[in-house]
Amino acid sequence: MKEIAGAVLAGGESRRFGSPKAFAKREGTYFFQFSVNALRPFVQEIYIVSHPSLISRFRQVTNEKILLDEEMYRGQGPLAGIYTVMRRTDAEWIFVLPCDMPYIRPDTVGKMVKCIDESFDIIASAHFGRIQPLVGIYNRRTLQEIGQLLNERNNRMLSLFEHCRVRYVNEQDFFEEECVFQNINYRQEYDNYMT
Ligand SMILES: Nc1nc2c(ncn2[C@@H]2O[C@H](COP(=O)(O)OP(=O)(O)OP(=O)(O)O)[C@@H](O)[C@H]2O)c(=O)[nH]1
């Protein structure tokens with residue numbers, strides 16, 4: 001079995017949503033928990049990467065390992081979270097999910113894991129050509145490049161993609177239900193989808 005670690009990114013500010021998205025609920029389950037559950041069957045370890053203000057809240061409701069973004073890169077967005085997990089784990093691949101994707105399912109993750117190919121650095125999902133970098137599997141080869149971008153204060157995920165060999169998995173070819181990658185940014189979206 002390939003060495004894969006799971007990373008649930010939960011270090012955003014949820015400004016558009018208005019309260020921490022990881023702790024919004026769908027049918028009684030925290031959003032972040034859907035990502036954890038989807039990863040669980042396919043990874044050897046799972047890390048939730050968040051920021052100091054949420055640590056105690058996570059600890060109250062989960063036994064998963066919680067990491068803080070490395071201090072020097074805190075606030076620099078998802079790349080900082082991926083970097084933090086890569087520095088912590090020895091796994092060759094890191095399966096990254098956001099904490100605000102409450103329809104994500106284990107079979108979705110499983111189908112992407114089957115697309116891992118050693119000749120690529122990143123396996124990323126795309127929706128009709130639109131790249132979804134936060135649903136992706138990153139080889140630890142990318143660590144150096146990520147560190148370099150963060151040092152340059154460049155936190156664009158797509159800058160990383162420009163420097164890597166990326167295999168795109170088209171959502172419409174693989175995933176039956178259109179909404180599996182639906183993420184929630186605004187309270188209004190929450191109201192539309194969840195209520
Ligand atoms: N670890 C980590 N995760 C992050 C960081 N910034 C964003 N994320 C996560 O990446 C995912 C997508 O981020 P956004 O949709 O922009 O979420 P957000 O930053 O919380 O939301 P806004 O403040 O409204 O932009 C979410 O799961 C966030 O928690 C960060 O600096 N570190």
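Every residue, even glycine, has its Cβ placed from backbone N, Cα and C.
What TrEMBL says about a protein is an automatic prediction, not a curated fact.
TrEMBL annotates Leu9, Ala10, Gly11, Lys21, Asp69 as GTP-binding residues; of Asp90, Asp100, the candidate listed for that same site is Asp100. According to DSSP, Gly11 (GTP binding site) sits in a coil region rather than a helix or strand. In sequence order, Val49, Pro78, Gly81, Ile82, Val96, Leu97, Pro98, Cys99, Leu134 constitute the residues six or more apart from Leu9 (GTP binding site) in its chain with CB-CB distances below 8 Å. Within the same chain, residues at least six positions away from Lys21 (GTP binding site) with a Cβ under 8 Å of its Cβ are Gly12, Ser14, Phe31, Cys99, Asp100, Ile184.
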